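Peer 1: There's a structure below that I have some questions on.
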Amino acid sequence: MTSIRTSNCASEGRRLTILYMTQTGTSSDLALRISRQAQRKRFHVTIADVCSYDPTDLVSESLMLFLVSTTGQGEFPTTSRPFWNFLLRKGIPEDILEDVTFAAFGLGDSTYPRFCWPVRLLSRRLRGLGAKELVEHGEGDDMHYLGLEGELGPWMNRFWRKLDELCPLEAGVREVGRDELLPPSVTVTKVETEEGRLKEKHDGRDALGRHLEDQGWSISILDKNQRMTATDHFQDVRLLEFVRLNQTDVEEDKRQIGENEEISRGSASALDGISIQTYRPGDILCLHPINDAASVTEMLSRLDLDADTLVSLAGSTIPSTVPQSPAHMSVRDLLTHHLDFTSVPTNSFFEQIRLFSPTGSQEREKLDEYCGIFPEEELAKGANPQDGIDEMYEYAQRPRRTIKEVLDEFKSVQVPLAYIADVLPWIKPREFSIASAPPANSEREKRVSEEPHAIQLSVAMVKYKTRLRKARTGLCTRWLSSLPLGSRVPVVIKPGYLTLPPAQAPLILIGPGTGCAPLRSLVIDRLSNSTLARSEIHLFLGFRYRTKDYLFQHDWQHLQQSYANQFHLHTAFSRDGEAKTYVQDLIVKPDNAHVLWEAITERNAWIVVAGASGKMPEQVRGAFESIARSQGGMDEEQAKRFMDALERQRRWQEECWG
């Protein structure tokens, strides 16, 4: 196993810039994986999130790869929109990027109507500015049985083939072999000083929280963690309530931090509590889960790492939630707060760990096969690399084995500390739609409350059995379940994807299951605000049982009684009777269909669908197409075009999640 310096990996003139647009971190992980492949081909590689990239630098680039995630209804990730808006500016010369060659790969979910639209738009716009497309853009589909890999693998083969033709290696220069170890993308440095150990001991109480404060997060208090579903119901859905720190807590924090310690703060300080002025219906609260102590101890033992060793991290691809040098932390804190070993391993994980298993061992041979690597003699006999990749899918991804379980089974794999942050993925913040409404009766920018304002979430706990019959609990679920009331929890509010309807527009809202959460925020905000409560609201909710999982039941019934002339509640319970009834069945009932059609065509109603992605949004859309046919006299094609027009006007919106 040979280690190669980055400077020795690249040939002069071979430069590739990889820009990624991400919402949850998937495209940034993919950027790292592709950068390693590019380094083996002797490219100088630069990786950047477009939110930190100056778009005026595009004219200086020669070869670029864009990795584009899809959010909302076929939209660019939130942090990528300034970059996209820059490209749309009027007056940009049509040949300004004539010296740029690019390729683009999109990440999306084909159950959405606007599957991978951002990558299509970006590709077209870059060509419109004179850039040359190396290979037709690719579209990775989460719904493929192999996930994104179903399209990524074949597309990357085409990409590298074209790139090799465009930029052939110089005579006598070879690619870096697949069995040679590249330098890590994240530098992990041991901190040996006694001063460092003392500082670690001082900061250890809440180092993560303080760092997140510097990044714009706030510290909240968990005030409620209450089960909403019946104890005998299969799904545990929790009502979580977070409130800002009171003044006593603020003063205590100031005292513990120290009057002379200078601390930089982000846009929302923890000492100010949750900034209630900054959110509106449809917005998102982010939580940062951590690993439990017992699991961390097991992982430390498996990796044979000293928990108390202090390290500092450095690298351009480290997420903002992770402190970099000169800040440092113990290895235990690194595994507790930042590295995820409970997730399902990706192809990239196997590509990494195979290099840390002894060459010639049975485990190394199996790991090679999982990566589609076979000896020449096996290939000559007809071995198919895709068969090995499919076998990896059946071993790891289909039964949802965790990274820890894979490492426990492949005992020969010994990952050194220097590579630990390359092999294990980062813990990603979890996003939840806010279920509570901001203080009403004032404009958003004037919403200020002297009393602590509670932000509420409706969160389904992730607990299931794998195909191997193993009980599995999600990382965030395990963390939330262990939090006692009164815990200090870092949070940050992000803008949602909904375009809020105008005050005079009627609302038609569809929210099965936990999809009712963002709709609750919207409904309460509309009804409790005298300047907004002008038009009718039709709310369609779907649950299994009236007595077991009817979320926010008393709230809906109270609103129905208090606003009987405006608020119209329709509920479907799919398991209460012999015939299963779903929200789409209620929508097409003749009486409802007539009222809804009038609201849409005569009063410009807006429709919002919230909940799980997959078949539900498609079936609900089909129900409205059915109304267009039955009430509007349209044929099938006209009904589809009618719904497409509503979507273009933002009068049809989906707030759905996987």
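Every residue, even glycine, has its Cβ placed from backbone N, Cα and C.
OK, Swiss-Prot features for this one:
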type    : residues                                                                       : note
DOMAIN  : 16-160                                                                         : domain 'Flavodoxin-like'
BINDING : 22-27, 69-72, 107-116, Asp142                                                  : FMN binding site
DOMAIN  : 215-502                                                                        : domain 'FAD-binding FR-type'
BINDING : Arg400, Arg430, Glu431, Phe432, Ser433, Gly474, Leu475, Cys476, Thr477, Trp657 : FAD binding site
BINDING : Thr514, Ser574, Arg575, Lys580, Thr581, Tyr582, Val583, Gln584                 : NADP(+) binding site
Peer 1: With DSSP assignments reduced to helix, strand and coil, which class does Thr514 (NADP(+) binding site) get?
Peer 2: helix
Peer 1: Quick one: average pLDDT across the domain 'Flavodoxin-like' (16-160), no decimals.
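Peer 2: Looking only at the domain 'Flavodoxin-like' (16-160), pLDDT averages out to 91.
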Peer 1: Ser433, Ser574, Gln584: which of these binding-site residues has the highest Cβ count within 10 Å of its own Cβ?
Peer 2: Ser433
Peer 1: Give me the Cα-Cα distance between Leu475 (FAD binding site) and Arg575 (NADP(+) binding site), rounded to a whole Å.
Peer 2: 30
Peer 1: I want to check the contact list for Phe115 (FMN binding site): same chain, sequence separation of six or more, C-beta distance under 8 angstroms. What comes out?
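Peer 2: Thr70, Gly74, Gly108, Asp109, Glu139, Asp141 - these are the non-local Cβ neighbours of Phe115 (FMN binding site), listed in sequence order.
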Peer 1: Would you mind ranking the binding-site residues Thr22, Ser69, Thr477, Thr514, Thr581 by how many other Cβ atoms sit within 10 Å of each Cβ and giving me the lowest?
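Peer 2: Checked Thr22, Ser69, Thr477, Thr514, Thr581; of these binding-site residues, fewest Cβ neighbours within 10 Å: Thr581.
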Peer 1: In the domain 'Flavodoxin-like' (16-160), how many residues does DSSP call helix, how many strand, and how many coil?
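Peer 2: Split into helix, strand and coil, the domain 'Flavodoxin-like' (16-160) gives 58 helix, 35 strand, 52 coil.
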Peer 1: Rounded to a whole angstrom, what is the C-alpha distance between Thr581 (NADP(+) binding site) and Arg400 (FAD binding site)?
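Peer 2: Here the two Cα atoms are 32 Å apart.
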Peer 1: Here are the binding-site residues: Leu475, Val583. Which has the lowest count of other Cβ atoms within 10 Å?
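Peer 2: Sparsest of the binding-site residues Leu475, Val583 by Cβ contacts within 10 Å: Leu475.
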Peer 1: Out of Gly25, Gly72, give me whichever of these binding-site residues has the highest number of other Cβ atoms within 10 Å.
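Peer 2: Of the binding-site residues Gly25, Gly72, the most buried by Cβ count within 10 Å is Gly72.
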Peer 1: Which one is closest to Lys580 (NADP(+) binding site) in space, judged by CA to CA distance, out of the binding-site residues Ser69, Gly72, Tyr112, Glu431, Ser433?
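Peer 2: So, spelling it out, the nearest of the binding-site residues is Tyr112.
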Peer 1: Near the Cβ of Asp109 (FMN binding site), how many other Cβ atoms are there if near means within 10 Å?
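Peer 2: Taking every protein chain into account, the count is 16.
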